[in-house]
Amino acid sequence: MAFIIAVDGPAASGKGTVASRLAKLYDYPMLDTGLLYRAVGVRLLDADGDPDDPVAAEVSARELDISELERPEVRTRAAGEAASRVAVHPGVRAALFDLQRDFALREPGCVIDGRDIGTVIAPEAPAKLYVSASPEVRADRRWKQLLGQGESVTLDEVLADIRKRDERDGGRASAPMTQAPDAVLLDTSEMTIEQAFDAARRIVETARARWGNPKG
């Protein structure tokens, strides 16, 4: 059985950084599932499609090539907004499920980050983290990231985006963003990157010890 590390949480919570650091530590492959939805959104935007159209979004998801995750466009603010809109469609989530599930079953283990990994994609994951932070802190992080990418946007605009995405991600009927009952909450609001990673490492090490000795 693969040792799956599921890292869930809202946008700009620090989950991607935590996940990538954990993957490097354990030498596990990593999948950022948010990029899948961003890539689907970018496909639609490139074709002048509507991310709110469930049929067009599902077609885009089924035609997605994994290489498209490497496009710089998937890291933009527009891609993030489109991703949140296409992710509400059950057909899109179904189209991408097998790809994510197959990745989760890789031996000896893997790291997957997203919104529904511990609840839908890999509910059996031995290590589950729910990484979060206040909307204001997350908005400040994302704003600085976008400025570094050359995008022109205000902090207030980014905060509005964050709040809108939280509402959409948490309120969708299909696989809403929520903390799994057995996930450990990691609030990074007042943590540095190193502090967040160290806390995450301890959580995973505890899970690994329990996984290796289930009766312990």
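Backbone N, Cα and C atoms are what each Cβ position is placed from, and that goes for glycine too.
Features of the protein shown, as given by Swiss-Prot:
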type	residues	note
BINDING	G9, P10, A11, A12, S13, G14, K15, G16, T17	ATP binding site
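The Cβ of G9 (ATP binding site) has 28 other Cβ atoms within 10 Å, all protein chains considered. Sequence-distant neighbours of T17 (ATP binding site) (same chain, 6+ residues apart, CB-CB distance under 8 A): I193, A196, F197.
Counting only same-chain residues at least 6 apart in sequence, those with a Cβ under 8 Å from the Cβ of K15 (ATP binding site) are V7, D8, G9, D113, L129, V131. All chains included, 23 other C-beta atoms sit within 10 angstroms of the C-beta of A11 (ATP binding site). Remark: S13 (ATP binding site) has V131, S132, A133, R138, T188 as non-local neighbours, by Cβ distance under 8 Å and separation of at least 6 in sequence.
Highlighted in sequence order, V18, D113, V131, S132, A133, R138, T188 have their Cβ within 8 Å of the centre of the Cβ atoms of G9, P10, A11, A12, S13, G14, K15, G16, T17, the residues recorded for ATP, and are not part of that set.
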